[in-house]
Amino acid sequence: MKALVKSRRAEGIWMVHDAPVPEVGVHDVRIRVRKSAICGTDVHIYNWDEWSQRTIPVPMIVGHEYVGVVDAVGGEVEAFHPGDRVSGEGHVTCGFCRNCRAGRRHLCRHTIGVGVNRPGSFAEYVVIPADNVYRIPDDIPDEVAAIFDPYGNATHTALSFELVGEDVLVTGAGPIGVMAVSIARHVGARHVVVTDVNDYRLGLARRMGATRAVNVAREDLRAVMKDLGMKEGFDVGLEMSGNGRAFRQMLEAMNHGAKVALLGIMPGEEAIDWSQVVFKGLVLKGIYGREMYETWYKMVAMLQSGLDISPVITHRFPIDEFQQGFDVMRSGQSGKVVLDWGT
């Protein structure tokens, strides 16, 4: 089968045409992939950065954002059948640790990542445990279903705290950040302000519903808050950038008693003014992945009640032009990039 493989310990990802079709275990489902999306993680793997060198076994079929149809099921699988349209949770958990048994599988200490620690979905076929398969309703388009993984990150982060009537600050206008903007507006936030230094992505944030999209290299966030009539700071912060300066600016802009959800991963150690956290009584919450499967339920429910995340998909390529997809993702001048397998 065709697959995109990290086959060398160097910058790049390469297509092969002779990867073996994965076998199906008794508790597994094999999915024929229709569309894949490129994740920021895939770009890290492409770049072969420090994290990738520590983490990715080579060779590895990468990718974990996709939609497809069930091709085959294992002998013990009863919930899915060939032809079902599905996507899949990219975190494979142990099922037996304390958190898994308590229903907190997103906090499993033994998580294995599809396309990171086990073969991924940049391939004509991918195999995952049946417990990780999620059926896609007929009224959700393929290309939207293909980005359920990052949409789930945005949903988990945005819905961590009450948003109705609140003023929300989103730091980082990448695809997950701008989807969080749309979610916050959809569920009833008042002002949703997003900060970044990338004008292309700030423009995308405006299209996704941001009250204000602020280039902090040129604009003063405090002046924007004053212009919006905000006197006490933001009530909820969604840190999506992984940038220490953005996080510190967020802490300064939060109201007393505010709540901050952090999804962005900062490189190394970042110093902050902890007195801001203590004296403001801030609540900080780390976010990882998606709650299994409450986040998925909410993702579908919001789409079916009018949320439109489709503007975040800005580029589409056939799979044989995957290099163009990675090039545009690496340029920073895109939202989500979807690759079509032509099946």
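All positions are counted from 1 along the displayed chain.
Quick reminder: no glycine exception, Cβ is built from N, Cα and C everywhere.
The active site, charge relay system feature in Swiss-Prot is assigned to Thr41 (among others); the stated evidence is sequence analysis. Secondary structure at Thr41 (active site, charge relay system), taken from DSSP and collapsed to helix, strand or coil, is helix.
Summarising the annotation, Swiss-Prot assigns active site, charge relay system to His44 (among others) and lists sequence analysis as the type of evidence.
Marked as Zn(2+) 1 binding site by Swiss-Prot on the basis of sequence analysis: Cys39, His64, Glu65. Within the same chain, the residues at least 6 positions away from His64 (Zn(2+) 1 binding site) whose Cβ sits under 8 Å from its Cβ are Cys39, Thr41, Gly90, Gly113, Val114, Gly115, Val116, Gly120, Ser121, Asp149, listed in sequence order.
Per Swiss-Prot, Zn(2+) 2 binding site is recorded for Cys94, Cys97, Cys100, Cys108. According to its DSSP assignment, Cys108 (Zn(2+) 2 binding site) is coil.
Annotation comment: Swiss-Prot describes Ile176, Asp196, Arg201, Leu263, Gly264, Ile265, Ile287, Tyr288 as NAD(+) binding site. Its own atom aside, the Cβ of Asp196 (NAD(+) binding site) has 26 Cβ atoms within 10 angstroms in the protein chains shown.
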So of all those binding-site residues, Glu65, Cys94, Cys97, Cys100, Cys108, which one's Cα sits nearest to Asp196 (NAD(+) binding site)?
Glu65
So for Gly264 (NAD(+) binding site), how many other CB atoms are inside 10 Å of its CB?
20
What are the other residues, in sequence order, whose C-beta lies within 8 angstroms of the center of the C-beta atoms of Cys94, Cys97, Cys100, Cys108 at the Zn(2+) 2 site?
Thr93, Gly95, Phe96, Arg98, Asn99, Arg101, Arg105, Arg109, His110, Thr111
With an 8 Å cut-off on Cβ-Cβ distance and a minimum sequence separation of at least 6, pull the same-chain contacts of Ile176 (NAD(+) binding site), or say none.
Pro150, Asn153, Ala154, Thr157, Met240, Leu263
In Å, rounded, how far does the Cα of Tyr288 (NAD(+) binding site) sit from the Cα of Glu65 (Zn(2+) 1 binding site)?
16
